[in-house]
Amino acid sequence: SQVSFEEESQNPPAVGHWNPLMPSKGDKEEPESGCQDAGGVQEPQSTEQLNVSRLRSSSVEIREKGSEFLRDELHKAQKELKLKDKECERLSKVREQLEQELEELTASLFEEAHKMVREANTKQAAAEKQLREARGKIDMLQAEVTALKTLVITSTPSSPNRELHPQLQSPAKAGFRKGHGRNKSTSSAMVSAASQNVAPEPVRECKEVDSILFAEFQAWKESPTLDKSCSFLDRIYREDVGPCLDFTKQELSELVQVAVEQNTLTIEPVASQAVPVGKVAAEECGGPKKCALSGLPRTCKHRIMLGDSGSYYYISPSCRARITAVCNFFTYIRYIQQGLVRQDVELMYWEVMRLRREMSLAKLGFYPSEM
């Protein structure tokens, strides 16, 4: 045992051997050797700590660089987002502007289309009105030509006119026409020679302007209108138009007067077109042998249509003359209202008086034989 103890005392202590906390003064060398031994162990520990600290610093640096990169990317993304927002806002404004322009264009197109339709309707109405006025003018001209034919005295060798050649009449009748009693004692040859040398004197018509009627016409001429409330037309309605269009069938007479005032009355010969079947009853429209206005059995050569109703009414020559006279009057005053008559006021006044005279004669039953 003593040998083993000596061997153990000669061998140095192993690493990590326990040393007393408070070494003695005599044992000064042992702690130094213990420190040297501990330093050998601490050297790899410090290296590891250095490596760990380096790793920690590098990870911190990496994190900082990563966060900085992410911040840069975030800023870039924000900038791109702002640019995209501005682009979206610009595109939305462009879209709104285009929609507004499209709405304005659509509205202008609809307005232009409606304007074209209105103009077409106006032109069509004006054309139809001119057509009706032209038909009324034709009827008026036909009536004037008929009246002129009745006034003009014609004579041909094959058909001499006894009014133009009094020598063809009996001496007694010729003497009575001349009004000279001494012609009875003269010979027929002398009467014939005298009648050939003496031309028939034209009948001169004396005219005098009525101051009241002329003043009413002048007042109406200053502002021509078709309103029957003015004094000029009110008098003509009471004295001429009303009595001239006063027929036995009162209801139909009122419709005829309204159609004449609105210029929607059509007069045509019976033989021009076939009678529409099933439009109105035979009792209402009369027939070729019965007048629809007077209700009397008359030979009807014409028929009328009120507006666009398509219903025809047969009328007698007397009724046609009365309606035509009123239509001629309204046609002339419409021409004056539209400024188509370029005449002196007095000439227009006398033309109105002539048309009133035609209405007066027609309402009394006088009409040309050609009617």
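Glycine is no exception: its Cβ is also placed from the backbone N, Cα and C atoms.
Note that the structure is a prediction, hence the values are computed from the model and not measured.
Listed in TrEMBL for this protein:
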- 67-151: coiled coil (COILED)
- 43-58: compositional bias 'Polar residues' (COMPBIAS)
- 184-196: compositional bias 'Polar residues' (COMPBIAS)
- 65-149: domain 'GDP/GTP exchange factor Sec2 N-terminal' (DOMAIN)
- 1-58: region 'Disordered' (REGION)
- 156-196: region 'Disordered' (REGION)
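Averaged across the domain 'GDP/GTP exchange factor Sec2 N-terminal' (65-149), the predicted model reaches a pLDDT of 88.
For the domain 'GDP/GTP exchange factor Sec2 N-terminal' (65-149), the number of residues in each DSSP class (helix H, G, I; strand E, B; coil) is 85 helix, 0 strand, 0 coil. Within the compositional bias 'Polar residues' (43-58), the DSSP-based counts of helix, strand and coil residues read 16 helix, 0 strand, 0 coil.
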